[in-house]
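Asks: The structure under discussion is supplied below as structure tokens; questions concerning it will follow.
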Amino acid sequence: MTWTSLLGVNVLKIVNGGQDLSLSLDQYSGSGFQSKHEYLFGRFDMQLKLVPGNSAGTVTTFYLSSQGAGHDEIDFEFLGNSTGNPYTIHTNVYSQGKGNKEQQFHLWFDPTAAFHTYTIVWNSLRIIFLIDNIPVRVFNNNDAAGVPFPKSQPMRVYASLWNADDWATQGGRVKTDWTNAPFTASYRKFNANAKKVGPNSVSTNSINDNQSWSTQGLDAAGRNRIRWVQTKHMIYNYCNDRKRFPNGISAECKTSRFL
């Protein structure tokens with residue numbers, strides 16, 4: 001996999017022949033990287049080990065995004081917290097430049113103690129967010145009901161570590177403690193089983209011809225797992241936030257989120 005540094009050249013370290021990367025954050029710079037290739041649908045897996053200790057104010061990310069006005073985006077964001085308090089896993093979907101589709105979770109393990117696999121499955125039918133192959137969220141294509149869905153704009157893979165203490169931890173009440181800097185997050189074993197687009201591109205799934213992601217949904221076991229996650233570990237769902245959306249919830253909220 002070939003990556004391009006986004007910022008903070010001095011705080012991005014590449015090891016193990018380019019397979020493993022670490023990002024650092026200090027008072028002066030965050031850091032990030034992006035894939036050189038763009039993709040239109042696929043399965044994207046990344047192993048992450050998040051910033052340990054007092055990570056309040058920091059945001060570690062793994063996401064897909066297109067560029068320009070009216071962009072599409074599929075987000076995993078990991079919002080740090082003060083020592084002893086859990087990370088918040090923040091997910092969102094943007095289509096045609098509009099988001100406001102947030103769901104947030106607390107994890108059932110310590111994401112700083114070891115690497116765990118975070119996965120985005122994106123096909124024309126749905127988007128599935130998975131953690132260690134356990135589905136935590138499904139965003140279905142409800143384009144027919146007037147809900148925009150990312151389906152035509154190729155996206156790159158991005159990762160970053162940056163300071164967002166104006167909002168990231170407890171609504172911005174807890175700030176980044178720079179005496180703990182530099183903060184470091186580690187990434188490894190990225191895999192894109194995906195449709196690569198652009199000049200002279202060969203789809204990465206041609207390596208093994210496994211395109212099960214193109215129609216992937218949830219079987220009975222998957223539905224049971226996502227119900228467990230959303231019952232036990234979900235802490236915010238935009239579909240339930242009638243104060244934020246007084247004019248009514250979005251159409252996709254009126255159908256099952258487990259299909």
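We number each residue from 1, going along the chain as drawn.
Note that Cβ sites are derived from N, Cα and C of the backbone, with glycine treated the same way.
No curator has checked TrEMBL annotations; they are predicted automatically.
A quick note: this is a predicted structure, and the numbers were derived from the prediction, not measured.
Copied straight from TrEMBL:
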DOMAIN    1-187  domain 'GH16'
ACT_SITE  Glu73  active site, nucleophile
ACT_SITE  Glu77  active site, proton donor
CARBOHYD  Asn81  N-linked glycosylation site
Asks: Taking the Cβ of the residue listed as 'N-linked glycosylation site' as the centre, how many other Cβ atoms fall within a 10 Å radius?
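Replies: Result for the residue listed as 'N-linked glycosylation site': 20 other Cβ atoms within 10 Å.
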Asks: Between the Cα atoms of the residue listed as 'N-linked glycosylation site' and Glu73 (active site, nucleophile), find the distance and write it as a whole number of Å.
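Replies: If we compare the Cα positions of the residue listed as 'N-linked glycosylation site' and Glu73 (active site, nucleophile), the gap is 25 Å.
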Asks: Given a separation of at least six residues and a C-beta threshold under 8 Å, show me what packs close to the residue listed as 'active site, nucleophile' in the same chain.
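Replies: Spatial neighbours, sequence-distant, of the residue listed as 'active site, nucleophile': Tyr63, Leu64, Ser65, Ser66, Asn92, Val93, Tyr94, Gly99, Pro150, Met155.
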Asks: If you count Cβ atoms within 10 Å of the Cβ of the residue listed as 'active site, proton donor', leaving out that atom itself, what do you get?
Replies: 19
